[in-house]
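Down below is the structure, laid out as structure tokens.
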């Protein structure tokens, strides 16, 4: 545990050192005045001329929301078409055929919504062109969408008596040109220097030193495993002495996969694969890349509203929640797994099942907490192999609404929604009209807040309930009992909250799960973005109220505690009954 606490402390210090200047830089990028941060001005203006965009024309919240939805719908259609036509397109050295319609739909929605749920195996499904032109491009655009939306909300707080919240196309372009692309280039070059591959070669067939005998599951005509009368998978012995090594442009996609809190990797093993994450140093940089923009945006928030203490308060609430849950996950994994107690496995160091020896329990536990605190979903260990209490942590982090740092942009606007709720609750307790950053919280704002908070629990709980009842949903569950329920609950929690990680024991690449999870991903993204933009518009139109003796300070320890309490209260009341049927019951049964 001491090793974990040391690595956690080093991680947080380095993150803070990097995030603060990046936050100040983004304040200049998205500010209303000309800034030295606009160092790529000629490139930016060229994009506007080509696209026919007037960067001086600002938008009301409805126009802004329409632009967000239109660009993402077009993106989803483009990714879908690319997958369906990839067998006729270049940069497909393995000759992969068209992706099935249901999987194409799921993948298109997944990458457009910044979820990156992957029901397929990337190295055996997607061509290089599909990975680069479809998935990697959406890694940039979905992250840029999240940043644009949170910047619009911040402008709503910063402005007063205004009818506009900015220009989506300007925010979208600046997010990509000034933030995402430069960071991705730096990180990509670093990854290449550490051994992450970057090429367009065909896959390599190599001969192994010794032959390998393994149990190969038998598949039916639809590609699903055949089960015996007891429900166990039917296998047959197979032997091989060759191995296929996948190639591809990995480093370039790996960088934006992390920086944009996307999470979907070119390989099925994701960041556990040595071609994506070869050593402890790349692992540490990947963890930094996940949190760097969400943390920096807290400083951008403080800078744009003219009070840096506001950003510190939000960052403090996020950090407290993160540290507590990270320590709990590490504690659970540093203990032996009761399921393996009777198998004669040496668990003196803790639960090593599903973890890479080059990372160990400490780095794997920290990575698992970071990737689910942010809406990233990349993994360097298999979450399905975590202990019951260990698996509880990433699931609960997602169910909190991905607000503990959260996704790029989405984490901060999600936490600001909770800040509005916290101020409203405080106002009720002291009998004053609630206000936040000088803006009065009224009926419309609370309606939008309620919608934004309640959408994902509705999708998660209803989706899980349907999946464990209907035949198509139950067919994908291979682990009976509480763990099987946990796998389904995790899948819908991940999809609706746009995380993308999985308890991979669930067979989710089926028409039922592809459609159900795809719908959850889309609604979980845009059913929150629209209310957030609506609040941005109403806040911008309001007058700024002067600070009085009765105004609740929203920059001190009391507000931090109130904000944390609001997040936990909603999460606990909503999900504890479902969690009691899954990981909690699984732990008690052992």
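Cβ atoms here come from the backbone N, Cα and C positions, even for glycine.
Among the features that Swiss-Prot reports, transmembrane segment is placed at 3-23 (among others).
Tertiary neighbourhood of the transmembrane segment (63-83): same-chain residues 89, 98-99, 103-105, 107-109, 111-113, 126, 129-130, 133-135, 137-138, 141-142, 145, 148-149, 152, 165-166, 168-169, 172, 526, 529-530, 533-534, 536-537, selected by CB-CB distance under 8 Å and a gap of 6+ residues from either end. Here Swiss-Prot flags 63-83 (among others) as transmembrane segment.
Here the transmembrane segment (134-154) has long-range neighbours at 30, 61, 64, 68, 71-72, 75, 78-79, 82-83, 107, 111-114, 116, 126, 165-166, 168, 171-173, 175-176, 179-181, 184, 252-253, 256-257, 259-262, 264, 293, 297, 300-301, 304-305, 407-410, 412-413, 416, 529, 532-533, 535-536, 539, meaning same-chain residues at least 6 beyond its ends whose C-beta is under 8 angstroms from one of its own. Summarising the annotation, Swiss-Prot assigns transmembrane segment to 134-154 (among others).
What Swiss-Prot records for 177-197 (among others) is transmembrane segment.
Positions annotated as transmembrane segment by Swiss-Prot, on the basis of sequence analysis: 284-304 (among others).
Look at Swiss-Prot and you will find 312-332 (among others) tagged as transmembrane segment, backed by sequence analysis.
Taken from Swiss-Prot, the feature transmembrane segment applies to 359-379 (among others).
If you look up Swiss-Prot, you'll see 388-408 (among others) marked as transmembrane segment, on the strength of sequence analysis.
According to Swiss-Prot, the transmembrane segment annotation covers 411-431 (among others), on the basis of sequence analysis.
Positions annotated as transmembrane segment by Swiss-Prot, on the basis of sequence analysis: 451-471 (among others).
Listed as Cβ neighbours of the transmembrane segment (515-535) (distance under 8 Å, sequence separation of 6 or more from its ends, same chain) are residues 61, 64-65, 68-69, 72, 102, 105-106, 109-110, 113-115, 117, 119, 145, 149, 152-153, 156, 165, 410, 413-414, 417, 420, 444-445, 448-449, 451-452, 455-456, 459-460, 463, 466-467, 473, 491-492, 495-498, 508. Under the heading transmembrane segment, Swiss-Prot lists 515-535 (among others).
What Swiss-Prot records for 558-578 (among others) is transmembrane segment.
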Dominant neighbour of the transmembrane segment (388-408) in 284-304, 451-471, 558-578, by Cβ pairs under 8 Å: 558-578
Recorded stretch, among 284-304, 411-431, 451-471, maximising Cβ pairs under 8 Å relative to the transmembrane segment (312-332): 284-304
Top Cβ-contact partner of the transmembrane segment (284-304) among 411-431, 451-471, 558-578 (pairs under 8 Å): 411-431
